[in-house]
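Structure first, then comments.
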Amino acid sequence: MAAAALRFPVQGTVTFEDVAVKFTQEEWNLLSEAQRCLYRDVTLENLALMSSLGCWCGVEDEAAPSKQSIYIQRETQVRTPMAGVSPKKAHPCEMCGPILGDILHVADHQGTHHKQKLHRCEAWGNKLYDSGNFHQHQNEHIGEKPYRGSVEEALFAKRCKLHVSGESSVFSESGKDFLLRSGLLQQEATHTGKSNSKTECVSLFHGGKSHYSCGGCMKHFSTKDILSQHERLLPTEEPSVWCECGKSSSKYDSFSNHQGVHTREKPYTCGICGKLFNSKSHLLVHQRIHTGEKPYECEVCQKFFRHKYHLIAHQRVHTGERPYECSDCGKSFTHSSTFRVHKRVHTGQKPYECSECGKSFAESSSLTKHRRVHTGEKPYGCSECEKKFRQISSLRHHQRVHKRKGL
């Protein structure tokens, strides 16, 4: 079996005819059903690729095929390859027509004319398969994730949505049968003149916008198949618990962690220092103080940090970025926490109040230092003379005395 060689023009635009393989009647009769199916798939995918690249071979000034312009209509009786098919109805142009006409002959494979039952693949939306190929196709999904990549999305022949009356391969209103597996049919629009969402080809191929929205999160998707895949990842159950602040969660452990914000409950205890936390994640981060773990490294100076947000703030030292600017005085800051404290200079706000004497402070660290006046706590001890101090600044000042003596 010899196929005609591909012809590539030296100059000019490549047309669909240039990349298509043509068969004579004798050669076509020698092809098996599997070979004809393969020929059909390859030809349709080539057509999709040519159209997506703008290499459409239609009439001059004619736009590339849109989601309402490409369809293949097939009469009930079997035609011979390369037979004359009306170019106005059966194919986009006279050059593609004879080639696409060959594809119509695949319609009689595996008992299509016997109106055998077709099956829908749940993972691939409305794509239809006969009984034998359906089971073979289902095996392809075993051990793989159902999401399909963008390259596959671009294959027009694999993504056209069909509207079928029942599960028969014959469209009941016209009495004409269609090549369901080709993926290039428009049935309902042919009879009603209207375009149904189920007959629209994927908007990604045609450069359209996302028309399918998720009712749960309002995200938009280019195809209904992708939307279906997204919806499978959403929680299938209603939120089991609601908080007084309006937040909800379908997971009880997440809700319990959130509740700790309101109840001040701290059920997680550090086994080393006894400090309490309202969530397990906060406890794990705290334990890095005891273990010395610093998993976040600066690529510029190789410094390590316990928290990711500390690394992000540190990197602004290298970039010079100061994203937080005071609208009152024009000062800018690298840290949001420093900026918040600075704003209190202008507002006079002092939210931290001492319960012993009623004195207020703008920073929590200032209140902590002040409390030591009442408690008598002196946590900073000198390693040379064992003197203790309430503030670390006082300790550093004292240590200079020992350095001078050592000189």
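Quick reminder: no glycine exception, Cβ is built from N, Cα and C everywhere.
Considering Lys115, Lys194, Lys198, the record held by Swiss-Prot lists Lys198, annotated as SUMO2 cross-link.
Checking Lys176, Lys209, Lys219 against Swiss-Prot, you find SUMO2 cross-link recorded for Lys176.
Checking Swiss-Prot for zinc finger across the ranges 143-165, 212-234 points to 212-234.
Per Swiss-Prot, the stretch carrying the note zinc finger among 22-44, 91-113 is 91-113. Note: the Cα of Lys308 (SUMO2 cross-link) and the Cα of Lys266 (SUMO2 cross-link) are spaced 23 Å from each other. The Cβ of Lys308 (SUMO2 cross-link) has 11 neighbouring Cβ atoms from other residues within 10 Å, across all protein chains displayed. Broken down with DSSP, the zinc finger (324-346) shows 11 helix, 4 strand, 8 coil.
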